[in-house]
Amino acid sequence: MKTVYILNGPNLNLLGKRQPDIYGHETLQDVEVACSKLVEAAGLSLRFLQSNAEHQLIDWIHEAREGACGLIINPAAYTHTSIAILDALNACDIPVFEVHISNVHKREEFRHQSYVSMRADGVIAGCGTQGYELALSRLIRLLG
Ligand code: DHK
């Protein structure tokens, strides 16, 4: 069975508790449940992961490079700083989508720059946690 990877970066383990005015009230587990339903309906399997550590995200991208049919990533703050994550994504030949829960372009200037966007096939920002489902439905259509 083909596997979709959904990777989440630092502080997203606090989703639902952290700045709900910006990131909403849904937890990361709620997001995983919603994504699982879409992935299962498409006959795919899901690896849904979160880490606060850059090296762990990079190791999972390497894993996805070997075994995944597509990758969705919310790199959180590493979006704006991590050339290492960009390099890891550039080593992947699978479709890559970048998700941000908030509209980063409406926020502080340091959030306007994304290294990951230099590789992503699509970017979704400002659609709340629904952004994960939007990215997934695009990925599933591409794979179809
Ligand atoms: C999440 C974060 O933690 C921030 O560092 C990013 C992103 C935005 C989001 O909107 O999902 O700047």
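Glycine residues also receive a Cβ, built from the backbone N, Cα and C atoms like all the rest.
Annotation source TrEMBL lists site 'Transition state stabilizer' at ARG18. The feature active site, proton acceptor is assigned by TrEMBL to TYR23. Annotated substrate binding site per TrEMBL: ASN74, HIS80, ASP87, ILE101, SER102, ARG111, in sequence order. Under the heading active site, proton donor, TrEMBL lists HIS100.
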> Among ARG18, ILE101, SER102, ARG111, which recorded positions lie by ligand 1, judged by Cβ under 6 Å to any atom?
Replying inline: ILE101, SER102, ARG111
>> Return only the integer: C-alpha distance in Å from ASN74 (substrate binding site) to ARG18 (site 'Transition state stabilizer').
In response: 16
> Least buried of the recorded positions ARG18, HIS80, HIS100, ARG111, going by other Cβ atoms within 10 Å?
Replying inline: ARG18
> Within 10 angstroms of the C-beta of SER102 (substrate binding site), what count of other C-beta atoms is obtained when all protein chains are considered?
Replying inline: 18
> Record lists ASN74, HIS80, ASP87, ILE101, SER102, ARG111 as binding substrate; longest Cα-Cα distance in Å?
Replying inline: 24
> Taking just the CA atoms, what is the gap between HIS80 (substrate binding site) and ARG18 (site 'Transition state stabilizer') in Å?
Replying inline: 19
>> Just to confirm: which same-chain residues, 6+ apart in sequence, have a Cβ under 8 Å from the Cβ of TYR23 (active site, proton acceptor)?
In response: LEU15, GLY16, ILE101, SER102
> Cα-Cα separation of ARG111 (substrate binding site) and HIS100 (active site, proton donor), in Å?
Replying inline: 11
> Within 10 Å of the Cβ of ASN74 (substrate binding site), how many other Cβ atoms can be counted across all chains shown?
Replying inline: 27
>> Check the DSSP secondary structure of ILE101 (substrate binding site), expressed as helix, strand or coil.
In response: coil
> Could you state the CA-to-CA distance between ARG18 (site 'Transition state stabilizer') and ASP87 (substrate binding site) to the nearest Å?
Replying inline: 29
